[in-house]
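Per Swiss-Prot, the features are:
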- 13-141: domain 'EamA' (DOMAIN)
- 1-4: topological domain 'Cytoplasmic' (TOPO_DOM)
- 26-30: topological domain 'Periplasmic' (TOPO_DOM)
- 52-65: topological domain 'Cytoplasmic' (TOPO_DOM)
- 87-92: topological domain 'Periplasmic' (TOPO_DOM)
- 114-120: topological domain 'Cytoplasmic' (TOPO_DOM)
- 142-154: topological domain 'Periplasmic' (TOPO_DOM)
- 176-194: topological domain 'Cytoplasmic' (TOPO_DOM)
- 216-230: topological domain 'Periplasmic' (TOPO_DOM)
- 252-261: topological domain 'Cytoplasmic' (TOPO_DOM)
- 307-321: topological domain 'Cytoplasmic' (TOPO_DOM)
- 5-25: transmembrane segment (TRANSMEM)
- 31-51: transmembrane segment (TRANSMEM)
- 66-86: transmembrane segment (TRANSMEM)
- 93-113: transmembrane segment (TRANSMEM)
- 121-141: transmembrane segment (TRANSMEM)
- 155-175: transmembrane segment (TRANSMEM)
- 195-215: transmembrane segment (TRANSMEM)
- 231-251: transmembrane segment (TRANSMEM)
- 262-282: transmembrane segment (TRANSMEM)
- 286-306: transmembrane segment (TRANSMEM)
Amino acid sequence: MISGVLYALLAGLMWGLIFVGPLIVPEYPAMLQSMGRYLALGLIALPIAWLGRVRLRQLARRDWLTALMLTMMGNLIYYFCLASAIQRTGAPVSTMIIGTLPVVIPVFANLLYSQRDGKLAWGKLAPALICIGIGLACVNIAELNHGLPDFDWARYTSGIVLALVSVVCWAWYALRNARWLRENPDKHPMMWATAQALVTLPVSLIGYLVACYWLNTQTPDFSLPFGPRPLVFISLMVAIAVLCSWVGALCWNVASQLLPTVILGPLIVFETLAGLLYTFLLRQQMPPLMTLSGIALLVIGVVIAVRAKPEKPLTESVSES
C-alpha cells in the first residue's frame, strides 16, 4: 500500500509540471504544444521500444487498440484542452478544475469496478470526498478573488468548458488504464507506457503537421515549424515529454497495479497540489490563507481515503464459496 502511494505521489509531482508549461510559452497555440509534447514522447520511446521489443510482441491487437484509445483521450485531447484552458483562465483555476478528479474517479470506480476491486462503503468514502470538495472550493474561491488580467467572460467561460472536457478525458483514461493493468498483472508497467508512447508518434506527427498548416494559413507571421522561440519550445516539450509523459505515466502505472482503483482515484490530488506549488513558485509569491486551508483539506481527504479499507471483492467471494 505504502509503495503504491509513493509511486502515485511521484507521478503527481511530475504531472504538476504540465500546468506551468503553457505559461512559459503563452504565444504558442495549445494544438502545437499538445502535438509537440507527444511527438517528442514518441521519438524518445523509439530506442526504448527497440530494447523492449520482446515484451512488446506479447501485446495482442486489441491491446494496441486500447493503447491508441488511451493515448488519444488521456494524452492528446486531454492536454490540448488543458493547455487551452490554462491560457484562457490561468493555471490555478484550471488546476482546481482538474483537481475535481479525486472526487470524480473514486465515485465512478465505486460504481463501475466494485465487483472486481471491492466496494468502498459510501459512509467511509463520503468524509474524504467532502474534505476534498471543500478544499477544492476554497482554493478556487481564493484564485477567483486574486483576479485575472484582461478578463473576458467569453474567453474565460470557454476555458472552463475546455477544462471540464479535460477532466472527462483524464477520468476515463485513469479508470480504463487501471482496469487494463489490473487485468494484465503479467505485463510490466514500463512496457505498457512504452506501447502508449509508440502509438502516440504517428498521431502526433500528423497532428503537428496539421497544426503547422493551420497556423500558416491563419497566422502567417508565426515562425514555423518551431515558433518564435524554437530552443525554448523544443527544450520545454522534451522536458515535459520525459518527466510528465514518461516518468509520470510509468509511476502511475506501477501505482495502478498496486492499489485498488477506488483508492487510487483520490491520489490524483497530488497532481493538483504539485501544480499549485509550481504555479506559486513561478509567481514568486506565497499562497493566501484560504488557498493553504484548501490544500490542508485536500491532504486530509486523501489520508482518509487511503486509510479506508475496501470490502472484499464479490468475484473473490463467489470463487471461494
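Placement of Cβ uses the backbone N, Cα and C atoms for every residue, glycine included.
Taking the topological domain 'Periplasmic' (216-230) as a whole, pLDDT averages 90 in the prediction.
Between the transmembrane segment (262-282) and the stretches 155-175, 195-215, 231-251, the greatest number of Cβ pairs separated by less than 8 Å involves 155-175. Proximity of distant same-chain residues to the topological domain 'Cytoplasmic' (176-194), defined by a Cβ-Cβ separation under 8 Å and at least 6 residues beyond the stretch ends, is recorded for 45, 48-49, 52, 55-56, 58-59, 63, 66-67, 69-70, 73-74, 113, 116-117, 246, 249-250, 252-254, 256-257, 261, 264.
Tertiary proximity for the topological domain 'Cytoplasmic' (252-261) is limited to same-chain residues at least six positions away from its ends with a CB under 8 Å from its CB atoms, namely 1, 3-5, 7-8, 11, 105-106, 109, 113, 117-118, 120, 175, 177-179, 181-182, 185, 189-190, 192-193, 267, 310.
Mapped onto DSSP helix, strand and coil, the topological domain 'Periplasmic' (26-30) counts 1 helix, 0 strand, 4 coil.
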